[in-house]
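To keep things clear, I will list the structure first and then write my remarks on it.
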Ligand SMILES: CC(=O)SCCNC(=O)CCNC(=O)[C@H](O)C(C)(C)COP(=O)(O)OP(=O)(O)OC[C@H]1O[C@@H](n2cnc3c(N)ncnc32)[C@H](O)[C@@H]1OP(=O)(O)O
């Protein structure tokens, strides 16, 4: 058996990479998306796995800036992980991720993140689900019943998608500062990831529509519509919400009312809403506004645990000894004393007895404030040696808003 080598996948091999992705992700080559994927991969750091001259695996890493509590950090956005069906389960993904961790260290990226195709794959590599999303469906065959009055003094305006980043970008940035787990968007990201003319996953959806409320805007929604059946009595169309952000409860209520009352539609389907979406409290009738799905969204890898912990803000003081395990990056493993508080944090090696024992996977799940360690202790996924230690870490990690993102990559 030949040895597989991991090296940079050059621009000249992009067509081979896209062919491999088509095979692995069961795609048929479509020119429009091939050009888009090429443009996207060109912006990525690219790792190829070569069996002789044959490209048998690839992994992209998009250079992201991820919001973390109190700030933001450079983060490798792992994407397009693909291994040829002839070379599965021979350690190629493992080898490409090991190479990615090395490159993160070289480029001072303490974090890596990804969206998993299957939840079972990435935990063994030290990744934990750090944000969660839910799908909310609103039955709009009847008027939406809300517990507060929507703002009725603020104008609603439709904005052309090409103008939207300039108009709603500052609102997104302000919300991103509150919600950890979000990537910084540039024009490329808005144009290709948020507002492409067609939806890559669903041909039935119309182009993106952007509605703002207020002048200057205090909220906005991005959505696409799917037309309904023409038959009398048949279900109406569906409004597919891409994102909705609002600075005030009244503006949020007005945007939800707007979406719920679009003519010729009878349902709003909102994918990837935060689990603490105020809509779930605003709704007067939870049979009308239902959570139909909940899922792990962004998986996070603390590639450099000390740098990651020392870069975020802390809600309460804690002084704890953590016994960390890390199967694929042993430099993170061992006993560390975490001293953290509103003034900052330090993580230093120690021989002291541990208060908590956990894997970096569990620490990654808790890092943005979206998972409580005490629940993981209760589930047997982490060990508490000092009573109250998990609760103390949870208080220190707590954030006012749950971490949340819908920016898939
Ligand atoms: C971030 C993203 O891009 S998500 C997209 C991921 N890509 C896909 O789903 C495309 C289709 N699948 C593939 O291309 C490949 O099967 C991959 C990339 C998922 C895995 O590649 P492989 O080279 O086979 O993985 P590798 O051999 O390194 O496996 C490492 C370990 O993960 C496990 N593993 C790999 N894939 C899976 C899976 N789908 N489900 C559960 N475990 C898995 C292996 O069993 C192995 O465990 P072991 O060490 O205990 O034996």
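In case you wondered, yes, glycine gets a Cβ from its N, Cα and C as well.
What TrEMBL says about a protein is an automatic prediction, not a curated fact.
As written in TrEMBL, here are the features:
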| type | residues | note |
| --- | --- | --- |
| ACT_SITE | 122 | active site, proton donor |
| ACT_SITE | 409 | active site, proton acceptor |
| BINDING | 81, 82, 83, 89, 90, 91, 92, 93, 94 | acetyl-CoA binding site |
| DOMAIN | 4-153 | domain 'N-acetyltransferase' |
Handout entry: Cβ-centroid neighbourhood (8 Å) of the acetyl-CoA site, 81, 82, 83, 89, 90, 91, 92, 93, 94 excluded
Key = 49, 57, 87, 88, 95, 96
Handout entry: For residue 90 (acetyl-CoA binding site), nearby residues of its own chain (Cβ under 8 Å, 6 or more apart in sequence)
Key = 4
Handout entry: Nonlocal residues around residue 83 (acetyl-CoA binding site), in sequence order (Cβ under 8 Å, 6 or more apart)
Key = 24, 49, 56, 57, 92, 93
Fill in the blank from the handout: What DSSP reports for the domain 'N-acetyltransferase' (4-153) is 47 helix, 56 strand, 47 coil
Practice task
Please report the number of other Cβ atoms within 10 Å of the Cβ of residue 94 (acetyl-CoA binding site).
Solution key: 13
Exercise for the section: Between the Cα atoms of residue 94 (acetyl-CoA binding site) and the residue listed as 'active site, proton donor', find the distance and write it as a whole number of Å. Expected result: 10
Fill in the blank from the handout: Rounding to whole Å, the Cα atoms of residue 122 (active site, proton donor) and the residue listed as 'active site, proton acceptor' are apart by 16
Problem - Same chain, 6+ residues apart, C-beta under 8 Å of the C-beta of residue 81 (acetyl-CoA binding site), given in sequence order - result: 58, 59, 93, 96, 114, 117
Handout entry: Local confidence of the domain 'N-acetyltransferase' (4-153) - pLDDT mean
Key = 96
Exercise for the section: Could you work out which of the active-site residues (122, 409) has its C-beta surrounded by the smallest number of other C-beta atoms within 10 A? Expected result: 409
